[in-house]
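> My questions all concern the structure below.
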Amino acid sequence: MSRVNIDLPGLSMKNPIMPASGCFGFGEEIGKLYDLNELGAIALKATTPQPRYGNETPRVAETASGMLNAIGLQNPGLEKVITEQLSRFDTIETPLLANIAGTTMEDYEKVAEALSKTGKIGALELNISCPNVKEGGIAFGTDPQLAAELTKRVKAVSNIPVYVKLSPNVTDITVIAKAVERAGADGLSLINTLSGMKIDRNTSKPLLANSVGGLSGPAIKPIAIRMIHEVRHQTELPIIGMGGVSTLDDILDFIIAGADAVAVGTANFTNPFVCLELSQALEQSLERQQINHLYDIRPKEVHLR
Amino acid sequence: MSRVNIDLPGLSMKNPIMPASGCFGFGEEIGKLYDLNELGAIALKATTPQPRYGNETPRVAETASGMLNAIGLQNPGLEKVITEQLSRFDTIETPLLANIAGTTMEDYEKVAEALSKTGKIGALELNISCPNVKEGGIAFGTDPQLAAELTKRVKAVSNIPVYVKLSPNVTDITVIAKAVERAGADGLSLINTLSGMKIDRNTSKPLLANSVGGLSGPAIKPIAIRMIHEVRHQTELPIIGMGGVSTLDDILDFIIAGADAVAVGTANFTNPFVCLELSQALEQSLERQQINHLYDIRPKEVHLR
Amino acid sequence: MKKEDMIVRDNREIAQDIYEMVLEGNLVGEVEHPGEFLHINTSRHSVPLLRRPISICSTDKQKSQLTILYRAEGQGTRLLSTYRTNETVDVLGPLGNGFPVGDVSPGETVLLVGGGIGVPPLYDLATVLRRKGATVITVLGFSNKNVVFYENHFQKLGDVYVSTIDGSFGYDGFVTDVIDQKKLSFDRLFACGPVPMLRALEDKYPNVKGSLSLEERMGCGIGVCLACVCHTQNDPDGSDYRKVCSDGPVFPWGEVVL
Amino acid sequence: MKKEDMIVRDNREIAQDIYEMVLEGNLVGEVEHPGEFLHINTSRHSVPLLRRPISICSTDKQKSQLTILYRAEGQGTRLLSTYRTNETVDVLGPLGNGFPVGDVSPGETVLLVGGGIGVPPLYDLATVLRRKGATVITVLGFSNKNVVFYENHFQKLGDVYVSTIDGSFGYDGFVTDVIDQKKLSFDRLFACGPVPMLRALEDKYPNVKGSLSLEERMGCGIGVCLACVCHTQNDPDGSDYRKVCSDGPVFPWGEVVL
Ligand SMILES: Cc1cc2nc3c(=O)[nH]c(=O)nc-3n(C[C@H](O)[C@H](O)[C@H](O)COP(=O)(O)OP(=O)(O)OC[C@H]3O[C@@H](n4cnc5c(N)ncnc54)[C@H](O)[C@@H]3O)c2cc1C
Ligand SMILES: Cc1cc2nc3c(=O)[nH]c(=O)nc-3n(C[C@H](O)[C@H](O)[C@H](O)COP(=O)(O)OP(=O)(O)OC[C@H]3O[C@@H](n4cnc5c(N)ncnc54)[C@H](O)[C@@H]3O)c2cc1C
Ligand SMILES: Cc1cc2nc3c(=O)[nH]c(=O)nc-3n(C[C@H](O)[C@H](O)[C@H](O)COP(=O)(O)O)c2cc1C
Ligand SMILES: Cc1cc2nc3c(=O)[nH]c(=O)nc-3n(C[C@H](O)[C@H](O)[C@H](O)COP(=O)(O)O)c2cc1C
Ligand code: FES
Ligand code: FES
């Protein structure tokens, strides 16, 4: 037992830090920069049944302390993910969290079933909240009944734990959280990006080819913290928290607010070594302060689990 | 006709710029710094039927490119607003937008009726979206039926135009916008603050005494722009746009996205002269570029009105 | 009140993380009372977003210069410590009411009690009081010897007692311990420092003549946003309030709830 | 690829808003091909958030120094222009593939065409080509005479033709006009500049041997985020793509959709 290891359904993590889905690809590039065994877990880029090119460019835009992205779920498709991407992890012990997206419930079922059968995935993460694709599961993310039904159906075809990744673009995130909890979800990931827009004044049009994009980065951290705090008090499910994390202080804030593990997204783009650096800094900091385990920094009320 | 004057229901504005409600008090302090006649309009601090002390401190917290506030609708109450605050504007031509808050529909009716009768107010702005007070109208802001009913009732007792200030903390802001449009609203203001939280790691508790606060400032601009753009395409009502405005470029972005006038909130705290400076900079910029009227910078699609 | 890009004439560390910064600008001409403060924008961008309230420590109207002392601790003050000579910094001020030196008569003995980064405004205050012919006794409390500053400056203006919480410099303990031990007597008490210190002083001297200077998180610094309010002591229904930025930061002894 | 705090050795304006910056660090040892780029974090805070891709213009491996040229235009590049000698700047690099100089044989005539801020990587390229024994002809296009730079540098390496769109310096018009007018002939063409220029060149010389360097808005710069993709030309179903940051920024003539 180290000061930082944690055990979540399907994810036995040596530390609470993982790259967030879509901000690490399938580990190919960053795997060349450092040993991926140093990470607590790895959330893979969203996989859809068929290959997707995604949206046209520009796909990113900068905002104050944030960025908008509208990649549009570009990915090589289920088959190639299994044949070409997963083998990279054969020699890596870090558990994988496979992010799944689709247009229909059948899409999710198909990808979930196939990926869970590979035996290489620790848990699934249902991306029911990607704001960048019209058919990208956004209705699933905002309608508690649809979210619950999707969760149930995916659970039925998967032999590994299922996390549901919640959208912040809702009136009350706890309603969705409780709906998927009742439907059998094993954990929650939050938050996905907030829907935003930037104007290109040269053209007087939205800058992103897709018009709307997902806002991520430090700008959204207070919203993420609030939502995690709310959800923590309403469900018993483990929470993978994310949204604007880039420093050790951010990690601690998320743990205190109620996250059980923390995912780092946008910060990987500014510093590809950030997840490694944070993992090391966290352990050192706890050691220096002689805190036996990370969760000891949480206030009592948060110890629901 | 100048390049910048605009005519909105109840608000005949010499330029499109106004301070946002709660970020200018009742004009007392900033009125000593410059001539309030230079402003397009002035949105007053929320008025409730009774005086309110508001929340305990800390009431503000800083976040990346943003701030959280939980003032809690502190105000001297309807009676004192009328007797002590409004007379300040007797010699000022700038139209006033009186922001109204309350706990019950009757609260709103009472304040609306009394303020509209004073003859000193150009239009009312219903704050149905303050996230910092449990009973602060938040349900009105997230439920289209309640929002519509409130609008109807306030309209019935007011002899001046009524704007409804929309909350961004909803799944689909256009649903609320359309509901209040059908209910007779004369205009919309958006966006109010996003609900957020900051952790004080010294105490492992939320930093704000109220736990949750409203996120404002540059961080939320992309969300404001997106929502204004959406609402612009779904209603015909005039829109007072706000959220993170602090520069001339911001003003132009909001106009392009579909706002008819622009309110400046948090930026007044960093620079109490900002509304004056922006008014002047806007007119000068249009003159330099020989643009006849501000609205000419908008793309065609936005010319709904 | 002005908003001005003031010129940095000096910015140096004088104790651990404690900086002394000299700023020049027309704004200095408007400073009236010791205890007024500046609201400083430490960045040219939106991080950090808000200004930082910092007390004026001394002014030189001839040179249009003033001095501030600050602890480089959080994001904004650390950024402030990176400014170099001849750069400009965006300052709003002077703000606040300052200490009521007009109430003090020549010959009075005034006790000044400062804790940590609450010490700076007392220096200007001591100077003005001396000029008025008052006798000034200063008690300064710090956490340890590395963060002690301006002891010598105050010594030129009267008796000075320094205490540190860990006893590593001067007297061992809190400022109230020193006052007890030295049996200091005085006609008036002005204090600035952490709330626990102010509260201890109020408890000890409930009926003394004097004022204290408060800190509160601020938005605007000019009375607009209502971020910085505090309750008043004699207020049965809890609805009365003061704004620290514009009604304060200095309040009469016993007026506000600490 | 390294992430390094490189030391600024020089940073000066060499034409209107065009800066030449010399950076020193170990990262220089890893630069292999002309046309590689750096991804520069221009701030120490979150505004602006993203790095800026800037081409390497020349390297001096002996001194562990490299030179970049950039136009201070938006938020990030303007901030970059404020860095002073001996400050450090957070750099990721070298990134990208660079120009395929290995394909060029001694004695070949290579035409380099650069537009505006696309010119910098061609300088390193010209140097390497000359060292290989190729003949280098350079055509540089700028918008007007105030933003012309490095003409003299290129002149030391071969014939140089400069055009400006407003005719205020050199030839009047676009780079393609100059090539026509001067009837320039060549064995290979390398180009870097705005997309309309690249497109005009591809339309004019559909079958030439050569490469072009592309710009696209980037997130990571290392192939992770898929922000910077472009379509390929022979791709009936539109699903094929290249990442400008890691497959490019240099692509064979005719490979990607402009
Ligand atoms: C009237 C007044 C006078 C002051 N005079 C001085 C002085 O002369 N020297 C000095 O070093 N300090 C002084 N302070 C305290 C100083 O304002 C804070 O230490 C400073 O704002 C902290 O900013 P930061 O960037 O270091 O911290 P951060 O943690 O980055 O601050 C985050 C936010 O909290 C606010 N904040 C944090 N601590 C305080 C505090 N103690 N008081 C008010 N706001 C706070 C900041 O202003 C900012 O908005 C004074 C405060 C007030 C109200
Ligand atoms: C491979 C490559 C090499 C480059 N080499 C150079 C060079 O040597 N010198 C030089 O001056 N410029 C070069 N550029 C262009 C340079 O990256 C942009 O001018 C710069 O990013 C604009 O940043 P800003 O802060 O000025 O503008 P802002 O408007 O603040 O930029 C906002 C966002 O848009 C992106 N962006 C804006 N314009 C461009 C653009 N043309 N290309 C890519 N991203 C853009 C920025 O990176 C940033 O993320 C290169 C671009 C690429 C892709
Ligand atoms: C470029 C980019 C691509 C993303 N792709 C995905 C994705 O494929 N699936 C998903 O669930 N979330 C995706 N996200 C959302 C992130 O996983 C994360 O929830 C969000 O960015 C907030 O975290 P951050 O602020 O640390 O980036 C993406 C985010 C970015 C910036
Ligand atoms: C301190 C503070 C107080 C506010 N008070 C009110 C209020 O009383 N009524 C209201 O409708 N909005 C209030 N708002 C919201 C603003 O009017 C505005 O909608 C929001 O801050 C977004 O704009 P900004 O980013 O420019 O600040 C307040 C905002 C702040 C920061
Ligand atoms: S800080 Fe705004 S009222 Fe005091
Ligand atoms: S910039 Fe991220 S993949 Fe190219």
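Positions of Cβ are set from backbone N, Cα and C atoms, glycine also.
All annotation found in TrEMBL is predicted automatically rather than curated by experts.
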> In TrEMBL, D:Cys220, D:Cys225, D:Cys228 are given as binding [2Fe-2S] cluster, so which of D:Cys192, D:Cys245 is in that site too?
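Record source TrEMBL; matching candidate: D:Cys245.
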> What does the structure give for the C-alpha distance between D:Cys245 ([2Fe-2S] cluster binding site) and D:Ile54 (FAD binding site)? Integer Å is fine.
11
> In whole Å, note down how far the CA of D:Cys228 ([2Fe-2S] cluster binding site) lies from the CA of D:Arg71 (FAD binding site).
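Their Cα atoms are separated by 21 Å.
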> Looking only at D:Arg52, D:Pro53, D:Ile54, D:Ser55, D:Leu69, D:Tyr70, D:Arg71, D:Gly76, D:Thr77, the residues listed as binding FAD, what is the longest Cα to Cα distance in Å?
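Site span for FAD, by Cα atoms: 15 Å.
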> Could you tell me which three-state DSSP class D:Ile54 (FAD binding site) falls into?
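Strand, per DSSP.
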> Which of the binding-site residues D:Arg52, D:Ile54, D:Leu69, D:Thr77 has its Cα closest in space to the Cα of D:Cys220 ([2Fe-2S] cluster binding site)?
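Smallest Cα separation from D:Cys220 ([2Fe-2S] cluster binding site) among D:Arg52, D:Ile54, D:Leu69, D:Thr77: D:Arg52.
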> Taking the Cβ of D:Ile54 (FAD binding site) as reference, which residues of that chain separated by at least 6 in sequence fall under 8 Å from it?
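When sequence neighbours closer than 6 are ignored, D:Ile54 (FAD binding site) has D:Phe37, D:Leu38, D:Ile40, D:Ile68, D:Tyr70, D:Pro120 within Cβ distance under 8 Å.
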> When DSSP states are folded down to helix, strand and coil, where does D:Cys220 ([2Fe-2S] cluster binding site) land?
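DSSP assigns D:Cys220 ([2Fe-2S] cluster binding site) to coil.
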> When C-beta separations to chain A are restricted to under 8 angstroms, which of the binding-site residues D:Leu69, D:Thr77, D:Cys220, D:Cys225, D:Cys228 qualify?
D:Cys220, D:Cys225, D:Cys228
> Give the subset of the binding-site residues D:Arg52, D:Ile54, D:Leu69, D:Arg71, D:Thr77, D:Cys225 lying near ligand 3, defined as CB under 6 A from any of its atoms.
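With ligand 3 as the reference and 6 Å as the Cβ limit, the list reads D:Cys225.
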> Cβ under 6 Å from an atom of ligand 6: which of these binding-site residues qualify? The list is D:Ile54, D:Leu69, D:Arg71, D:Cys225.
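Near the molecule: D:Cys225.
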> Out of D:Arg52, D:Leu69, D:Thr77, which of these binding-site residues is nearest D:Cys228 ([2Fe-2S] cluster binding site) by C-alpha distance?
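Comparing Cα positions, the closest of these binding-site residues turns out to be D:Arg52.
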